[in-house]
C-alpha cells in the first residue's frame, strides 16, 4: 500500500522514533505488513442494554473482514449507547440526548488519538446515528456509517405489534379497553429480537436520512438487522472504505447543503420523526453547513408525504424493505426531479449513478404512493412560530384528521406530573397540555414524551387533545403534538408564563403556535418570571445543561 493511504497513521507507525508505538500495536496483533496498510477505526455501539445494539458486535466483525479483504488493518473499539425505549417515561430519559454528544466525543477522541486513516461507525439505537455522524464530521477522514438494521415485527393475536403497541396498551389497559391477559401478551411479543424499533420512528428515520445524505451504502437503511443482507452490507462497507481512502473522499465532500436537502426530502416523503430536524441541524453544524428551521419549512411546503408508515400509517420498515426499500423510494424521487442526483456518496459515485442500477419500487405496491396520490400534498413535519415560539417549534401531522386546536391550557412543570394527570383522568377533550422545563437546559436533556402521548392515544384522546412542550417526542409519537419550542422555559421563553386556563392555539395549517393574550400581558408576566434552579448541580447532566444550545441549533454542545 502506498504511503498516500496512511496520511494520518504514518505519524503513529513510521520511522525509528515510533518503535515504541509499533511495539504496542504488535501486542494487539499487528504484523510487519500491517504497518504499511491504512489503519481503519471501527466504532461499535454494541451493548446488551438494548435490542437495537445487541447484535452489533457480529456486524463489526463483518466490517473487519471487509477491511482486511480490501487491504486495510482494522481496529474495533467501543462507544456507548442508551436505550430510548427502556429509559422512556422516567428519569433515565434525561440521559438520552446527552448520550448523542458522548458518542460523538468518544469516537472523535479515539480515532483522532489513534490517527485512523478511515472510520466506519456502526449504530443501532436513536442517538447512535447522529452521534456517529457528528463524530465523522469532526474527524473528516474517509468514513462510512453502517446502520445496525430494523427489528422484525412481533405477532400477537393475529396482528403485527411493536414497541409502540405496548406503550399505547398502557393507556388502553388503564382505560379498561383491553384485559390484563391481552396487555401481557402484547408486552411479551412486541420485541422479538435484535434491531431498532420497527416503524418510521427515529432510528429508521435517521438511517434513511443518512442513506440520502450519501454516508451509507445504497440499500443499507431498510435491511432487517437479522438478515444475511445486513451482514453483507457490513462486509461491503469495509471494502468500500479503502476505495474512499484511495479517492481521498471525506465527509466534507459528501455532506453539502444539497445533500442535506436530499435527506430532508426523504424524511418528509417517508413521514419521519421530528427528531430528524434536531439531528440533521446538529450534523450540519459539525460539518459547517448552514441548515435552519427555515430550510425544513421551505422543503416541507413543496414535498408530498407518500409513505404509509407507522406511527401515523399502517406499515413497518420491514414492509418497505420488501417492496424496494429506501433506495427504491429515492429512485422514484430522482425520476420525479425531487432529489439532487449529482451529490457525491461513500461509493465514490453520485446519488444518480448509485441508483441507476438499483431496482425500482415493486409494481402495484401500496406502501409508497405516487405524487399524484399523495397522503398529503406537503410534508408532515411542520415548523410553527408565534408568540409561544418566537424562534420556532416542530409538529408532525401525518395520519391526523385534525391539525389545529384552540383550548384551555393545562400546564405541567414536568412530564411525570402530566402522565399522572392523564392516568387519573384529569385531561379532557379540547384541553391543550403544556409540559415545560423539559428543554435542553431545563430538563436537562430534552426528554421524549412517548409515555405521555401513548397514554393519550390509549385513552382515546389522541386527536382530541393538543400537547406542546420544550422537550421532544419519540419517533413513535402521533397525535396533535408540538415539540422543540424555542426559547425554552428555562431560558425565559414565553412558554414559561402560560397559566392554566389561558386559551392556546396550535394551528399546523397556518404554522402558528400562540397563547391568546396580549403582547403587553406577555411582557408583564415575563417581567415577573423567575428562573428555576438547575435540577442537577453536578455530574454529566449539570455539565450538559451549561454547554447545550437551543433546539433551533440542534441542541449541540460543541463550541462552534
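Here the Cβ of each residue, glycine as well, is placed from N, Cα and C on the backbone.
What Swiss-Prot records for the [2Fe-2S] cluster site is 52, 197, and among 125, 132, 137 the residue it adds there is 125.
Checking the candidates 438, 448, 463 against Swiss-Prot: the one annotated together with 84, 126, 127 at the Mg(2+) site is 448.
Every protein chain considered, the tally of other Cβ atoms within 10 Å of the Cβ of residue 84 (Mg(2+) binding site) stands at 29.
In this structure, the C-alpha atom of residue 474 (active site, proton acceptor) lies 15 angstrom from that of residue 52 ([2Fe-2S] cluster binding site). The CA atom of residue 125 ([2Fe-2S] cluster binding site) is located 14 Å away from the CA atom of residue 448 (Mg(2+) binding site). Cβ contacts within 10 Å of residue 197 ([2Fe-2S] cluster binding site), excluding its own Cβ and spanning all protein chains shown: 32. Burial estimate for the binding-site residues (52, 126): highest at 126, by number of other CB atoms within 10 Å.
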